[in-house]
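**Student:** What follows is a structure written as structure tokens; I'll ask about it next.
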């Protein structure tokens, strides 16, 4: 209740009861007057009556007494005095206040001892995992699962130890060990670099003679391809006199080292094969979501319902890894290796490393703040790396098509330094770069608040990618069918039609135009036309269409091997168009087959986004990031695509040079 003060402001006052209720119940005719000695207005009383359900009230404004009329129901009900209400409110406030004080105390305690608490929690987790790991090794050791657990644990321990050493002793190690070496290298670099070139070149020549020329002389064709492709890039370079050979030489060296590790060593080959199997195993979990959305028969629509959902799942995982910082860490380390060895700038090195995992319009986002200050040569390198590689989501899709996973992963890694090498040869640097390592380390942070948001955002962002892949496949396959029908009609007008001649098609024309490129990469002469067709489809249409055909060719070879193991070579008929008819099973191997060596070289040669359609995609994506550079980007787009395609040819040539024979896997 409130009263009017002399200043005209209502002020609440505590009531004093002048009378009290008797224990005797009043009848319905009884009226009890309660005199409350406190200041009030008529509005206050009416408001209280309305809340309390009183039927009538009288206000004596002169005596400041209030007469309230109630019924016997009101009298019989227990009366709750205001003191009681205030007591309950006070108790409630005390509870809330106590909870607040407790929370504040806990928060202050955590803030004061956060390091110790997290340390104890980490120690408990470490002890728990150590117990689990020890028992797991004791319970079952020797199978693939135990080796996998051992490798992962060992790698995690190694990274943790390195991080601890760097945090606590990094400055001392750098000052005492690394800095003197750096000073020595800088002082005598002009002599040491030529010594390094001599050692690497001499070792390479000795290896070529001893291990390739004497054992696999046919592989030397691939070496001639490497020389021809590099010579053509230099001949048509934007400015041959400005070419710096360090990035070119070291880029090719890194490609060769990766190739030796993966193709010529059993450990490297088995390691990448194992990694490819684990990736395939991981991506197989996509089927759970596809089955739930599309039903049990989703595999009947292979591409739309089995392959495209893999892009969604992989994009989700990449987004989560980016949020956790793993993508930035891996990219930074790979970029550091390329920058130290090749002498390329920080921005273009990070972009090339990012293209191993990301698409041609996604990797530049890692260095988006630097794009506006990049030189023309750096922008050309960014574009070339995009054309020369395939994103992780694309690799995931191709693995399901039957393309060897180990060679796909190897091609992506090898093409990253190769793209920088060909770019610096085809469009050498003529300006001074403004990008530094400090610029790289200061960016690339995730904008997501938690893992759930990162996963959801990654899945949502893949919608455009999936739609783009599906739309392009529909459009390009339809266009290819129209072109082939038109060419067949034109050929038929002059007698170029079966059975005397093959049907005139786009693939048939490409098989002759690109035959020299396939031969220089080391493809067997009888397979050159088939591989040239695949390269033509990839260049003028789409890499997914080309890899789909390659996957079918690989399956055909396996089918043919199974057939000949059962029926020898009986009832086998080779068609003029390259197809093979198997009489005993009454089946036709559409697309024919090629040797395992040609399969491997094709896998490397096709592993890139260097096609006509990708030019538009890159112009749209990169142009939106740096609109002020759109003119320069459009002028260099075709040149960058040619450089990217040549990078894939060089990678394939190195694979052909090092290939020993056997199947396309280890």
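Here the Cβ of each residue, glycine as well, is placed from N, Cα and C on the backbone.
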**Student:** For which of the residue intervals 48-71, 72-95, 336-359 does TrEMBL record transmembrane segment?
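**Tutor:** That would be 336-359, per the transmembrane segment entry in TrEMBL.
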**Student:** Mind checking which residues reach the transmembrane segment (216-236)? Cβ under 8 Å, same chain, six or more beyond either end.
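**Tutor:** Counting only partners 6 or more residues beyond its ends, the transmembrane segment (216-236) has Cβ contacts under 8 Å with 208, 243, 248, 252, 422, 425-426, 519-522, 601, 643, 646, 649-650, 653-661.
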**Student:** Tell me the residue counts in helix, strand and coil for the domain 'Nucleoside transporter/FeoB GTPase Gate' (305-400), as DSSP assigns them.
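**Tutor:** When I sort the residues of the domain 'Nucleoside transporter/FeoB GTPase Gate' (305-400) into the three classes, I find 77 helix, 0 strand, 19 coil.
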**Student:** Can you name the far-off residues of the same chain, 6+ from the ends of the transmembrane segment (117-139), with a Cβ under 8 Å from a Cβ of it?
**Tutor:** 110, 146, 149-150, 153
**Student:** Can you tell me the mean pLDDT for the domain 'Concentrative nucleoside transporter C-terminal' (407-656)?
**Tutor:** 88
**Student:** Taking contact to mean 3 or more CB pairs closer than 8 A (sequence separation of 6 or more), are the transmembrane segment (469-492) and the transmembrane segment (191-210) in contact?
**Tutor:** no
